[in-house]
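K.L.:
Okay, here's the structure, questions in a sec.
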Amino acid sequence: MPKRDAPWLMAGTSKVSRSGNYSPSGGMGSKSNKANAWVNRPMYRKPRIYRMYKSPDVPKGCEGPCKVQSYEQRHDISHVGKVMCISDITRGNGITHRVGKRFCVKSVYILGKIWMDENIMLKNHTNSVIFWLVRDRRPYGTPMDFGQVFNMFDNEPSTATVKNDFRDRYQVMHRFNAKVSGGQYASNDQALVRRFWKVNNHVVYNHQEAGKYENHTENALLLYMACTHASNPVYATLKIRIYVYDSITN
């Protein structure tokens, strides 16, 4: 039996009561209203650190709307490494295009998985895939290979650091790894990958419209990938999204 009578069951009238509150938050009570009021309180009622160090939604020198570019691809990652450019944006007027030469990549979102082939999965081994998000300050020609940029001890990607000659040009912004293991009994043939970074990387193109690495003039974003096992490769199915704002100076 209901605790209160419904409006259409009230005696003496067939009209629905207009005095009732039928808003979605009306039945939650005063506790929810107080919580919402506290979360959405004005800025002057928050601590000073919230007022001093609040990061803007739109990067400085840029304007909205926020544009999104996605890169969906299956990668064959080997011991010698692989590279892809994730700041390739074609010039145009769409929500996935850049208006002019300059734009800012505010954040990068990487999600997907790394996995092994069925034949490799049965072998007893452990394989780690390492990812480097690198900023190329002076891009030219084609992206340099993994072995050209990084210095390794005994050709081991886990010991990779940027060569001294390229420390001013290539800057490692983020680095992470994921691990898979094979075997007949206790195998972990898949590993999920999910990363979200704020980068605020200001990219500059030349006068060309095509979104290619060769058309970059400043601050290209590169993603390097390499696995630690010398003979067993790993596959990576990734979806990489970058969130972009156009520059005001275009």
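Cβ atoms here come from the backbone N, Cα and C positions, even for glycine.
Residues annotated as region 'Disordered' in Swiss-Prot: 1-31. Look at Swiss-Prot and you will find 3-19, 194-241 tagged as motif 'Bipartite nuclear localization signal'. What Swiss-Prot lists as compositional bias 'Polar residues' is 14-31. Annotation source Swiss-Prot lists motif 'Nuclear localization signal' at 34-48, citing sequence analysis. Per Swiss-Prot, the feature zinc finger maps to 53-70; the stated evidence is sequence analysis. According to Swiss-Prot, the motif 'Nuclear export signal' annotation covers 95-116, on the basis of sequence analysis.
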K.L.:
When secondary structure is assigned with DSSP, how many helix, strand and coil residues does the motif 'Nuclear export signal' (95-116) contain?
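P.N.:
Per DSSP, the residues of the motif 'Nuclear export signal' (95-116) fall into 0 helix, 15 strand, 7 coil.
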K.L.:
Of the residues in the motif 'Bipartite nuclear localization signal' (194-241), how many are helix, strand and coil by DSSP?
P.N.:
3 helix, 31 strand, 14 coil
